[in-house]
Amino acid sequence: MALSVALRSLNPALKSFAEATPRYAYGGIHIKSPEACQRIIDRLDLRDKYNSSKLDILDIYPGYGQFSTMLNYELKPRNHVIFEPRKDLTTYWENRLAHLKDTTGNAENFKMSNLNPYFWSTYANIYRNDVIPPTTVKSYDKMHDELLVVANWTGRGEESIIAQWMHCCGNRNWLAQYGKVRLVVFCLPESAQKFTAMPGNKKRKRSSLIRELYTEMNLVGIEQSDFQTGEGYDPRTLVKDQPVVISKSETLRDKDIAVIEMSTGKYTSNQISNIMHLLSQMFHNSHPIRDSLPRFGPGGEYLEKLIPAEILDKGGFHLTAEDVLEISAAYEKWPFKPPIEDTIDIEEDIDGF
């Protein structure tokens, strides 16, 4: 990038590691440029949002770790737990931490965990095994200031994990049980484009709606396009979030990457649980919701009496969170709604969440 960025968050004790890269990336995409990491950190603006003396960072698949070490130097947490079980990258991190122990006494408070971040049990075991002290449960009214989660889900197929995390926000379970916990996620651009698409955008999917219902999400960083930067993203999201731009040359293997920030949102899964099994049908094609009513069950046309006409005339990708809540309320009033098992199409493609 042409812009010069003051590297405020670069740990001088790790300068030699910033200039070396691991041999393998294991299919993931990682940022190698300190300048790009600093732009992301500046955009997140987290320093005054956390209590460093009580802050625990869970860092999932940090890989090369340039961003992780700079975020650590910026926030100075009491614990920064690294979940990196991949052999070559584990060795890379072990060497880095050994160097810090010799030079700073590990004032950075890094810890390596041998637990696999793919398993849900891992996140309970970090408390059972005293990796970090128990996290305080806080109100969902404001961001949790003692727990931060950072993850790299840039591998193929890992979009579904991000979608599962969004559902956890709606269910208020997993790490979301502790309150409004911030998640900073590195992902593929196509995932970020889908998740952040607003109503009416052609990339709006069921997962976009789930994001709107269950989370608060911001687009932090996007790839620099060979054509028009921002292409593929909803223009409204770009204007709202003002993401920083990351060029391919700033990543290992010269790959595109995006960064999103999400936390627990306004609504819970209980508020639409009665129609969750019908959402895929609403997004099945661009037809108005009115045309999908027969697929809700025998006599589904009855719902025309209960759902406002302006919602019935919309296609699935035009639906807002509030529209879906209206449909849910109407469905609950339907006296002859069929059992859920009678309305699920087991062969239906759920479109990557």
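Every residue gets a Cβ built from N, Cα and C, even glycine.
Automated prediction, rather than curation, is the source of TrEMBL annotations.
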Let me know which member of Ile31, Ile40, Ile41 TrEMBL also records as binding S-adenosyl-L-methionine at the site of Glu84, Asn152.
-> Ile31
Output field, S-adenosyl-L-methionine shell: CB within 8 Å of site CB centroid, site Ile31, Glu84, Asn152 dropped = Gly28, His30, Tyr61, Pro62, Gly63, Tyr64, Gly65, Phe67, Ser68, Thr154, Phe186
Surrounding CB atoms that lie within 10 Å of the CB of Asn152 (S-adenosyl-L-methionine binding site), all protein chains | 27
Listed in sequence order, the residues of the same chain lying six or more positions from Ile31 (S-adenosyl-L-methionine binding site) whose CB sits under 8 Å from its CB are Cys37, Ile40, Tyr64, Gln66, Phe67, Phe186, Ile246, Glu250, Thr251, Leu252, Ile257
